[in-house]
Amino acid sequence: MAGTVRTACLVVAMLLSLDFPGQAQPPPPPPDATCHQVRSFFQRLQPGLKWVPETPVPGSDLQVCLPKGPTCCSRKMEEKYQLTARLNMEQLLQSASKELKFLIIQNAAVFQEAFEIVVRHAKNYTNAMFKNNYPSLTPQAFEFVGEFFTDVSLYILGSDINVDDMVNELFDSLFPVIYTQLMNPGLPDSALDINECLRGARRDLKVFGNFPKLIMTQVSKSLQVTRIFLQALNLGIEVINTTDHLKFSKDCGRMLTRMWYCSYCQGLMMVKPCGGYCNVVMQGCMAGVVEIDKYWREYILSLEELVNGMYRIYDMENVLLGLFSTIHDSIQYVQKNAGKLTTTIGKLCAHSQQRQYRSAYYPEDLFIDKKVLKVARVEHEETLSSRRRELIQKLKSFISFYSALPGYICSHSPVAENDTLCWNGQELVERYSQKAARNGMKNQFNLHELKMKGPEPVVSQIIDKLKHINQLLRTMSVPKGRVLDKNLDEEGFESGDCGDDEDECIGGSGDGMMKVKNQLRFLAELAYDLDVDDAPGSNQQATPKDNEISTFHNLGNVHSPLKLLTSMAISVVCFFFLVH
């Protein structure tokens, strides 16, 4: 009986010693002789097992995962791996750009709506000015003002409208109404058919003085900069979308497959690609994309220059919210010269003025309904200009986005960072050698040739668009100090109008006019301040490779500490029986 027990214990001890190898033994198991693990892995990618051999095969038909011996991969499996590798790459690119893309999309929407709010406020201010001071000019004035600000909105959105024509049309339309309703109320009906003559006389006689030219200058400069700013943001979105959905070359697809999936064919499920090998592959695959980096950097810096100059007459918020004051001054100018104008226009338009000029009552101090023109007094951080500066600071943190993409992809995919016991695209190696890996790849892929092919056509197109917008941004950017230049002061501003805080700049030049701060509250009217986690597509799914590695990592941890302790206990009991 004792002999039987001793024999049984010896057998159990031998089996346990085989089941629990020492720590010094290499962790990777030998290739699966039955391809069972490979079949389990592949079924996660492709339901059904008809493409997976039950036992290793020669693999003579393989084109990417070239075997050095029997393999558990077929040609169909290889094709599926290539497709999956490309999808993994696209997903990693989208994950890399998620925060940047949402930042630009969010701000493009915020600023577009904010500009529309500014236009709407400016129209309301101007209508209120007419209603409270020139009621006889409404509703005609309301119609002309509405058309003008509609054109302003369309121009900001990119419509092919000439700003000078917009301003001329406004004053051409206003003057006949001012002449017949304000300067000559009670004009006979027979004399009301001179509108075309009055429109022409308005320009010939400069009846509004230099105010139309002043408005042209202010509105043109501010709207041009605003439009370029929005165009630049929209192009930024287009650039990110383009690189998010790049179709990589066949050579790149093969390289990715060798790196991520060819190890499966040898049954090496737990082995990760070498970090250095990943860098080599990504530099080859993304050589064309990285060429965007130079123009992307210039894009952000040029946009910063533009934003730094967007104040005073280059700030549409400042200009449009003060426009009602300038229009009022222009009408006041007409009234001051009404006598001379009436005589001259009477001769020019062949209209004999039988009655003495009678001007409508006009109060000395402009009264504006403060309830209509009320603008919330807000903190500096909530203004348009501060929001623009905040955007630029965030964009500058992404200035190296494209040059850093290869490193990002490798750091966010399963790789062996220390380059030990890792997959080099052909076999499991104790330590990765870049030179050896490059030499081993020459028979399959020429990395130098891949880089020299240049960027894909779609990347070349986006680079051309970046060059164009960068040129526009440089053209529209205001050199530092130019806003306080003497030439601009002559256009209707005094150098003392603005302090260090450009958000305090105001428009208008009339004495006694109510000054309207160009500060609009964002938080009350715009609700775009979302967390990045709320962005569409922010919940990125793990790549198939990640899921597989995680699953099989758990499967590989069968030798738990509890089982190890159990084996030790059994060994002690057996030793006791053997001794006794």
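The backbone N, Cα and C atoms fix where each Cβ goes, and this holds for glycine too.
So that you can see what the record holds, here are the features copied from Swiss-Prot:
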type     : residues : note
SIGNAL   : 1-24     : signal peptide
MOD_RES  : Gln25    : pyrrolidone carboxylic acid
CARBOHYD : Asn124   : N-linked glycosylation site
CARBOHYD : Asn241   : N-linked glycosylation site
MOD_RES  : Ser352   : phosphoserine
CARBOHYD : Asn418   : N-linked glycosylation site
CARBOHYD : Ser495   : O-linked glycosylation site
CARBOHYD : Ser509   : O-linked glycosylation site
LIPID    : Asn554   : GPI-anchor amidated asparagine
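The distance from the Cα of Asn241 (N-linked glycosylation site) to the Cα of Asn418 (N-linked glycosylation site) comes to 34 Å. Within 10 Å of the C-beta of Asn418 (N-linked glycosylation site) we count 12 further C-beta atoms, all protein chains included. Within 10 Å of the C-beta of Asn124 (N-linked glycosylation site) we count 15 further C-beta atoms, all protein chains included. Residue pair Asn124 (N-linked glycosylation site) / Asn418 (N-linked glycosylation site) shows a Cα separation of 66 Å. With a 10 A radius on its CB, Asn241 (N-linked glycosylation site) counts 14 other CB atoms from all the protein chains.
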